[in-house]
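Q: Can you read through this structure? Questions will come right after.
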Amino acid sequence: MPIKKTTERVNINNRRVINGADADVVQLHPMKHTFAWDAYNAGNANHWLPTEIIMQNDIEQWRAANVLSDDERHAFKTVLGFFTTADSIAANNIVLAVYRHMTSPECRMYLLRQGYEEAIHTHAYQYIVESLGLDGGEIFNMYREVEAIYNKATFILSFNEGIFNPQFKTGTFENDQKFLENIIIFSLVMEGIFFYSSFAVIFGFHRQHKMVGSAEQIQYIMRDESQHLNFGINLVNTIKEEQPELWTPEFQQHVIDLVKEGTELEIEFATSVFPKGIFGMNAESFREYIQHIADRRLARVGLPAQYNSPNPFPWMSEAVDLNKEKNFFETRVIEYQSGTLDW
Ligand code: FE
């Protein structure tokens, strides 16, 4: 689209997450959606790379005959199988669907950062696979082989269909709701629910002092993911403010139904992958935990609790509040090429 030559300044009050003025898209200032800028800065402050984490202990434990049980090996590989493709699905949604419809440059700034973080996460999984000498073809294909992972992936991917279409445009009631639905599914369900029983399993390993390098990788991923979730929730709530007509009672019920469907898929995943439970987490506690976090996600967008289940894994919230410096102190390899540049 040609640029209109003018001294007329962008009016911040016209800036919108979607359906804003064309001139807004490349002008970071004046900034309206400061939550996106804050998220961008937080992402930079939390920067990490998978190769900074020492994997030697994990390699020895994985090779040893007497450290991990068969159930633990199966659980470890299956959650890794879920993770390996999940972040690529999330990255594709950002880059191929969400980004081009956003008319807030500060939101676009954060999406660029978020897209890179999804790549770092996929890198982390490949680094674990490579370090432990696992069969990458097997692990990365699990989303097509393991029924419960396949069901989650298929559910998520079905929300790409409309907005991946090159002809798709926001600006109509129906399409704006479709876009909002996509953001809700990817943040509340994908980043907010689908990762969480796998996170819990990995921290189960950590609590047993098993596979701590892998667990540390996943801890950094979880911190990033909670930021992605926060950003997604801010997007949803801002679109609600900017276009309140989209948030109809029918649409609210639709969101509740989708979150409940996602919750059931996650419960099915946890109970089918760990039928005997693992590290003291049984089917019932997984169900309660997933329902508990689903209610929390709904509350963040102003929707009523559906389950009122207790939180059987209170230690999970501690795992999110990780202090990078303290945690890295013992295990991190400092290998940034900082200091003088040699020309
Ligand atoms: Fe993410």
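Any Cβ shown, glycine's included, is placed from N, Cα and C.
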Q: Which residue of GLU145, GLU147, GLU191, GLU261 does TrEMBL report at the same Fe cation 2 site as GLU118, GLU225, HIS228?
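A: Of the residues offered, the record points to GLU191.
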Q: If TrEMBL gives GLU118, HIS121 as binding Fe cation 1, which of ASP71, ASP87 does it give for that site as well?
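A: For the Fe cation 1 site that includes GLU118, HIS121, TrEMBL also lists ASP87.
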Q: Of the binding-site residues GLU191, GLU225, HIS228, which one sits closest to HIS121 (Fe cation 1 binding site) when you measure Cα to Cα?
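A: If we rank GLU191, GLU225, HIS228 by Cα distance to HIS121 (Fe cation 1 binding site), first place goes to GLU225.
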Q: Can you tell me the CA-to-CA distance separating TYR125 (active site) and GLU191 (Fe cation 2 binding site), as a whole number of Å?
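A: Here the two Cα atoms are 16 Å apart.
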Q: Same-chain Cβ contacts of the transmembrane segment (183-205) under 8 Å, 6 or more residues past its ends?
A: 72, 75-76, 79, 82-83, 86, 89-90, 93, 98, 152, 155-156, 159, 211-212, 214-215, 218-219, 222, 225, 228-229, 231-233, 235-236, 239, 255, 258-259, 262-263, 265-266, 269-270, 274, 278-281, 286, 289-290, 293-294, 297-298, 300-301, 313, 315-316, 319
Q: Using a 10 Å radius around its CB, how many other CB atoms surround HIS228 (Fe cation 2 binding site)?
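A: I count 26 other Cβ atoms within 10 Å of it.
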Q: Which recorded positions, if any, among HIS121, TYR125, HIS228 have a Cβ under 6 Å from ligand 1, given in order along the chain?
A: HIS228
